[in-house]
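One structure is given here, and the rest of the page talks about it.
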Amino acid sequence: MPMDLILVVWFCVCTARTVVGFGMDPDLQMDIVTELDLVNTTLGVAQVSGMHNASKAFLFQDIEREIHAAPHVSEKLIQLFRNKSEFTILATVQQKPSTSGVILSIRELEHSYFELESSGLRDEIRYHYIHNGKPRTEALPYRMADGQWHKVALSVSASHLLLHVDCNRIYERVIDPPDTNLPPGINLWLGQRNQKHGLFKGIIQDGKIIFMPNGYITQCPNLNHTCPTCSDFLSLVQGIMDLQELLAKMTAKLNYAETRLSQLENCHCEKTCQVSGLLYRDQDSWVDGDHCRNCTCKSGAVECRRMSCPPLNCSPDSLPVHIAGQCCKVCRPKCIYGGKVLAEGQRILTKSCRECRGGVLVKITEMCPPLNCSEKDHILPENQCCRVCRGHNFCAEGPKCGENSECKNWNTKATCECKSGYISVQGDSAYCEDIDECAAKMHYCHANTVCVNLPGLYRCDCVPGYIRVDDFSCTEHDECGSGQHNCDENAICTNTVQGHSCTCKPGYVGNGTICRAFCEEGCRYGGTCVAPNKCVCPSGFTGSHCEKDIDECSEGIIECHNHSRCVNLPGWYHCECRSGFHDDGTYSLSGESCIDIDECALRTHTCWNDSACINLAGGFDCLCPSGPSCSGDCPHEGGLKHNGQVWTLKEDRCSVCSCKDGKIFCRRTACDCQNPSADLFCCPECDTRVTSQCLDQNGHKLYRSGDNWTHSCQQCRCLEGEVDCWPLTCPNLSCEYTAILEGECCPRCVSDPCLADNITYDIRKTCLDSYGVSRLSGSVWTMAGSPCTTCKCKNGRVCCSVDFECLQNN
């Protein structure tokens, strides 16, 4: 579809939006405070005065609590989120200074589908969500844990994230679209992540989720709203993709119809039959008298069957005989001469040749043909007057035999005899019918066989699980021993009456046809279970269950360039540029791309007045020859810090800075745990209170205040009894396509877009499917003729994958 058409539709949506207005449909929003019935909740919350009096506000106290929704509320939330690409999470909060806590969380076990968190430890707002089944986190630096009232609204429109704080647009980002089809069993928590973690300390008011575009208007009605939203555009693109899918299906049907039409054009509309110069229409029937058959024209083909003759009940003075020009025998008077009975047309040689006609022997005169044989080979056929040579073909002249009988020559005559497997009808072998050997028990099929009647014969079929020995016998088939089975190599094959069965060996699971090794504790971080309780770990992990990360830095496995330092990551590592150096844009894993920052040329130094800036590797120096201007003072935040002055940063009470000879040096405050007035926020290692300890997310390990650890691709820290986690810092990659390998947390560069799991789709880069239909980048379709193969257009590349579970079920 041309882009100008997209813009036209976009304009129409925008115009319609302007006309309709932005009134909030109550069915498309959820008031969390009301749904959780906090008024009647006493443990851990108390109603207090809020930022305004239009709604109730609640203080979330610093004690264990369980503020979550009832099952029917969670089900309502599932329905509201289903297939939605636009929603806003908003609340009015007053958070205790320097604390961290979750404002709202929608979770299922360990998975945060939607979560809004405020960290006073790192002064940032975090949005946790799920994309394609994998956790994602957006960290937005902002200090909200300051004891002041704030209105926060986080809006998501497809891949567009917008954060408003106090009706000011703070951040706008492009993110991975979140999964909005929530699974059964999710739960909605307010003021906490779960029973023990993420406890919010402060007041929450107006907690809501709005399922409409620009939901922040509910909180800040005076804000301008844009038109259209990212989701509007996504809907248009999805509409185009749906049209492309419909076009592909219609193209396939059209191609099939054209093929059928082409075939029809090569044949007559009405199939006729031409026989002996006569034209018969479809379904016409006629009698082929020459061959005594009933024939029918069926779709241009002639089908003929032997004419069936009715049984004859001739009187005692008549006999059934064939009459020329007729297919069935008729009753005709018989003749008797000298005790011999003659049928109509039969002859007898006395003194003269006589023939039976109408019951009377009539004298006939017949010239016998000369014979080409010696006299001793002359024979007189039965009921004939002329002699023939021995070996004469009587069938060529003789009786008409039916389709299930055959003519047989004798010395002096020809007769009809039923074919094998047929029996004469009323004693007349010219007409024969099939013998059902199975029903008549005239077969020789042995045990473990089934008799199957066929025209003129029968067949002995083996029952399932048996194989043929000869035409009449079958024996049990050892499918397991012969290898003629479909059991997995890790399954036990057992012969059965019906064939065989497959059962997975101990330590393996599956249906017997497919068996996979089972590891009781699983294989973590992308490890593969290759044998019972045996894992093969991916690069970067070790342990019996791949549970241990290999610290490439501390174990000296790698060596970074001296301009960088080694930073360990789960399953991997990277060399991070040291202070005073930056990456040149090429990104080298070993840190060779780290080059010196020239603070002098960039004017990022702090040299004052007459002092000269001298660039050094990883830093700079201030050189002042002499004179009154060589004070060594340092410019700082629009002011001046004197040489030797020491101060604490306003935005970070745990850092202390000093000015020395024109250069500013900052460091973390030194901690003296012997000093009873030590700031435990800055020196958590000095906090020995049991209440300041933290349980990890799994509830298995206890950490002291100040301890750090890694969990689910996040760096976590225990501080005064509460756990605060933030995304691991990953290296900045300059490549077009990236992918996060199984078990790892940070992306790596890949050259093939089909391998990329984080890709920005360019709808201008289209793909051609197998029908020749152009597909937009990001489109997904099923491959023609292969229902288990799914294809996706990734910036001009068709990337297909096979669903092996689908193959097993089909």
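Cβ from N, Cα, C; glycine included.
Swiss-Prot annotations:
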type	residues	note
SIGNAL	1-21	signal peptide
CARBOHYD	ASN40	N-linked glycosylation site
CARBOHYD	ASN53	N-linked glycosylation site
DOMAIN	64-227	domain 'Laminin G-like'
CARBOHYD	ASN83	N-linked glycosylation site
CARBOHYD	ASN224	N-linked glycosylation site
DOMAIN	271-332	domain 'VWFC 1'
CARBOHYD	ASN294	N-linked glycosylation site
CARBOHYD	ASN372	N-linked glycosylation site
DISULFID	CYS395-CYS407	disulfide bond
DISULFID	CYS401-CYS416	disulfide bond
DOMAIN	434-475	domain 'EGF-like 1'
DISULFID	CYS438-CYS451	disulfide bond
DISULFID	CYS462-CYS474	disulfide bond
DOMAIN	476-516	domain 'EGF-like 2'
DISULFID	CYS487-CYS502	disulfide bond
DISULFID	CYS504-CYS515	disulfide bond
CARBOHYD	ASN511	N-linked glycosylation site
DOMAIN	517-547	domain 'EGF-like 3'
DISULFID	CYS519-CYS529	disulfide bond
DISULFID	CYS537-CYS546	disulfide bond
DOMAIN	549-587	domain 'EGF-like 4'
DISULFID	CYS560-CYS575	disulfide bond
CARBOHYD	ASN562	N-linked glycosylation site
DISULFID	CYS577-CYS594	disulfide bond
DOMAIN	596-631	domain 'EGF-like 5'
DISULFID	CYS600-CYS613	disulfide bond
DISULFID	CYS607-CYS622	disulfide bond
CARBOHYD	ASN609	N-linked glycosylation site
DOMAIN	692-750	domain 'VWFC 2'
CARBOHYD	ASN708	N-linked glycosylation site
CARBOHYD	ASN732	N-linked glycosylation site
CARBOHYD	ASN758	N-linked glycosylation site
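DSSP classifies ASN732 (N-linked glycosylation site) as coil under the three-state reduction.
Only residues 6 or more beyond the boundaries of the domain 'EGF-like 3' (517-547), in the same chain, are considered here, and those with a CB under 8 A from a CB of the stretch are 490, 506-509, 570-572, 741-744. In sequence order, CYS502, CYS504 are the residues of the chain that are 6 or more apart from ASN511 (N-linked glycosylation site) and have a CB within less than 8 Å of its CB. Within its own chain, CYS395 (disulfide bond) has CYS407, LYS408, ASN409, ALA414 as residues 6 or more apart in sequence whose C-beta sits under 8 angstroms from its own.
Around CYS600 (disulfide bond), the C-beta neighbours below 8 angstroms that are at least 6 residues distant in the chain are CYS613, ILE614, ASN615, PHE620. Rounded to a whole number, the distance between the Cα atoms of CYS546 (disulfide bond) and ASN53 (N-linked glycosylation site) is 55 Å. Within the group of glycosylation sites (ASN732, ASN758), the Cβ with the highest number of other Cβ atoms inside 10 Å belongs to ASN758. For CYS519 (disulfide bond) paired with ASN708 (N-linked glycosylation site), the C-alpha to C-alpha distance reads 30 Å. On the 0 to 100 pLDDT scale, the domain 'EGF-like 4' (549-587) averages 87 in this prediction.
In this structure, the disulfide-bonded residues under consideration are CYS401, CYS462, CYS487, CYS529, CYS622, and the one with the smallest number of other Cβ atoms within 10 Å of its Cβ is CYS462. If you look at the domain 'EGF-like 1' (434-475), the same-chain residues 6 or more away from its ends with a CB under 8 A from one of its CBs are 404, 419-423, 495-500. There are 24 other CB atoms within 10 A of the CB of CYS546 (disulfide bond), with all protein chains counted.
Under DSSP, residues within the domain 'EGF-like 5' (596-631) fall into helix, strand and coil as 4 helix, 11 strand, 21 coil.
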